[in-house]
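Pulled from TrEMBL, these are the features on record:
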DISULFID  CYS24-CYS34  disulfide bond
DISULFID  CYS121-CYS131  disulfide bond
DOMAIN    1-55  domain 'SRCR'
DOMAIN    50-152  domain 'SRCR'
DOMAIN    153-197  domain 'SRCR'
Amino acid sequence: TGCSLGADDVKDGTGKTWLDNLECTGTENRLAECKHAGWGVENCQHSEDVGIECGNEGDIRLISRRLEIFHNGTWGTICDDYFDDIDAQVACRQLGYNTGISLGPDVEDGTGKTWLDDMQCSGRENRLADCPNRGWGVEDCGHSEDVGIECLDSLDDGHIRLISGMIKIFYNGTWGTVCDDDFDDKNAQVACRQLGY
C-alpha cells in the first residue's frame, strides 16, 4: 500500500519535472501508464514535488540502524523498553538476515508516531508485529528511546557493539565487556573503525 505525502513533507527536488496532473485509476502497474498532461508538460515549482510512503501493514525497515514499522498507512518507531536481542533477531529475520542484535536507543532519534512499546518476542515469531507488546500506539516513550538494531548473516567471535558508550564484545556465544586496563585512544580508534565510524 502507499499514501501520498504533501509537498511540505518532502525536500525540494532539482532538475526537470516530467509529470504533472497525474490521474491514476489505481490499477496501473507503472506511473507512466497513468493519464497525465504529457512528458515535460508542467507548470510546477520544485516546492510542489510529490512524495509517497510505501509499505504493507507490519512491514519493517531500518533507517540508519533505527527500526521502524509500518502501521495504518504510516511509518513509525519502536520504543526500546524491554527490546532485547531476541526481538532484534525476529526483526532481522523478517528483513531477510540470519540474526541480529539490539543497539538499544543508541541511534538517531526518529520523528512522528511511536507505534510499539514493551516488545516481548519469544523468538519463534516470523514478523515483529506478531510479538506481544502494549498495542499499536500505546506507549510512554520519547524519540530518545527509539530502538536500533544491527542485522547480520552470522555473528562471529570478536563482533562488537556499542551500548550507551560501553563496548560489548561477542565470544563463544556470549556477549561480554572489555576491561579498561591499558585501553587508550588507539584502541578506541580501532573499535570505532570496526563499528563503521
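Glycine is no exception: its Cβ is also placed from the backbone N, Cα and C atoms.
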Spatial neighbours of the domain 'SRCR' (153-197) far in sequence, C-beta under 8 Å, 6+ residues away: 85, 97-99, 101, 103-104, 106
Secondary-structure category, per DSSP, in which CYS131 (disulfide bond) falls: coil
Other C-beta atoms that fall within 10 angstroms of the C-beta of CYS121 (disulfide bond): 22
CB contacts for CYS24 (disulfide bond) [other CB atoms within 10 A, all chains]: 12
Length of the line joining the Cα atoms of CYS131 (disulfide bond) and CYS24 (disulfide bond), in Å: 37
Separation of alpha carbons, CYS121 (disulfide bond) and CYS34 (disulfide bond) (Å): 43
Densest Cβ neighbourhood among CYS34, CYS131 (disulfide-bonded residues), 10 Å radius: CYS131
Integer Cα-Cα distance in angstrom, CYS121 (disulfide bond) to CYS24 (disulfide bond): 40
